Amino acid sequence: MNFTPQMEQMVNAVLKKTAEVYGLEEGSEVSVILVDDEYIKELNAAYRGKDMATDVLSFALNEGEEPEIIDGPQETLLGDIVISIETARRQSEEYGHSLERELAYLTVHGMLHLLGYDHEEEAAKEEMRTEEEHVLSSLGLVRGV
C-alpha cells in the first residue's frame, strides 16, 4: 500500500497539533514508520511478548526520563511510532471512517504514549481517550470522518 500525500499531510498535521497542544519545543523529533502486519507482529513479539499484529507501537527514546537534547540545534528526540497500515485500513473500514482519520488517531495515540500516557488502568485509559479526542477534534476530526 502506498503512503499518499493526503496520508502524509494528515500525519504531519497531527504531529504538529500534538506538539502545539502539549507545548513541545520547536525542533522536537519523532519518527513515524508505516509497516505491514507481519513486521509489526515481529516487533510486538520482540518488545511486548505478544505474538500478534497490532495497530500501533510506540518506542520512547528515554522512557520515564526527560527527552534527550542532542548537540547542535535544540532538537528533542521523543522516539518512534510504528503503525501497521494493514491494520489501520481494516480498522477504518470497521469504524466507518477514512484511512486518513484512522492514521490520525493512531498517530496521536502513539504520540501520547511517547509523552507518557498509557491505558493499562481504566482511569488512565479514559484520560488518554479524552486527550486523543481533544487533539483530533481540534483538527476537525471526529469519528465517522
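Glycine is no exception: its Cβ is also placed from the backbone N, Cα and C atoms.
Model, not experiment: these values are computed from the prediction.
Annotated Zn(2+) binding site per TrEMBL: H109, H113, H119, in sequence order.
On the structure: features taken from TrEMBL.
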residue	record	Cβ contacts under 8 Å, 6 or more apart
H109	Zn(2+) binding site	V56, M128, E132
H113	Zn(2+) binding site	S58, A60, I81
H119	Zn(2+) binding site	K125, M128, R129
For the Zn(2+) site built from H109, H113, H119, further residues of that chain with CB within 8 A of the site's CB center: V56, S58, G110, L112, Y117, D118, M128, E132
